[in-house]
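Undergrad: Relevant sequence annotations retrieved from Swiss-Prot are reproduced here:
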ACT_SITE  HIS21  active site, tele-phosphohistidine intermediate
ACT_SITE  GLU96  active site, proton donor/acceptor
SITE      HIS165  site 'Transition state stabilizer'
Amino acid sequence: MEESRFDSEDVDYAEIVVVRHGETSWNAERKIQGHLDVELNDAGRQQAQRVAERLSKEQKISHVYSSDLKRAFETAQIIAAKCGKLEVLTDRDLRERHLGDMQGLVYQEASKIRPEAYKAFSSNRTDVDIPGGGESLDKLYDRCTTALQRIGDKHKGERIVVVTHGGVIRSLYERARPSARKVEKILNTSVNVFRLFDGDKWTIQVWGDVSHLEETGFLQSGFGGDRTSG
């Protein structure tokens, strides 16, 4: 493998490989997770092994960061073990959006069981908090983009991995491409490569790559990946 620092000593960016966690049973059942702490299922662990194998064959990873929720942390541990037995550094600011009273519900039933929460969740406004302690999209955006910038500032000239959640990755995309069309599905263990430059410039080099899953038979299911699945 290559060195963890890039060839040029004056590289002015950090390369951050942002990975969504593997599948959970709640993803498969379309249950809303948010901050609820659900473990990977067997399919999710196999997905994590595949993405770990892939990343271990690419440019060397210097650090692995993760949300502290189990589904992300376990995915990160599998990647870290394969990429040089690295320590996983957790950051609560990489957690999924808190979805308030929506959490724990099957998505199709949420509008009937928690209509006020569903209304807030479905709003076109980005400043609406979800009843039950949930976050607005603006709060999620500020939290997770600040976290990634903080991580990037520490690791200029390095390639690192960040394991997080679908809602977070969607916000990171909006930070890098504010005028682009909104993204819909973020697949489990998809690889998304960001470069964070000096001067707060972000670019996306790779988006939504799940080529490591193509031979596993997992790809067709989609693994949730919509904005409710976490």
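The backbone N, Cα and C atoms fix where each Cβ goes, and this holds for glycine too.
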Undergrad: Within 10 Å of each Cβ, count the other Cβ atoms and name the one among the recorded positions HIS21, HIS165 with the highest count.
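TA: When each Cβ's neighbours within 10 Å are tallied, HIS21 leads.
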Undergrad: Quick one: Cα separation, the residue listed as 'active site, proton donor/acceptor' versus the residue listed as 'active site, tele-phosphohistidine intermediate', in Å?
TA: 11
Undergrad: Quick one: pull the CA-CA distance for HIS21 (active site, tele-phosphohistidine intermediate) versus HIS165 (site 'Transition state stabilizer'), whole Å only.
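TA: That comes out at 6 Å between the alpha carbons.
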Undergrad: By a simple count, how many Cβ atoms lie within 10 Å of the Cβ of GLU96 (active site, proton donor/acceptor), its own Cβ left out?
TA: 27
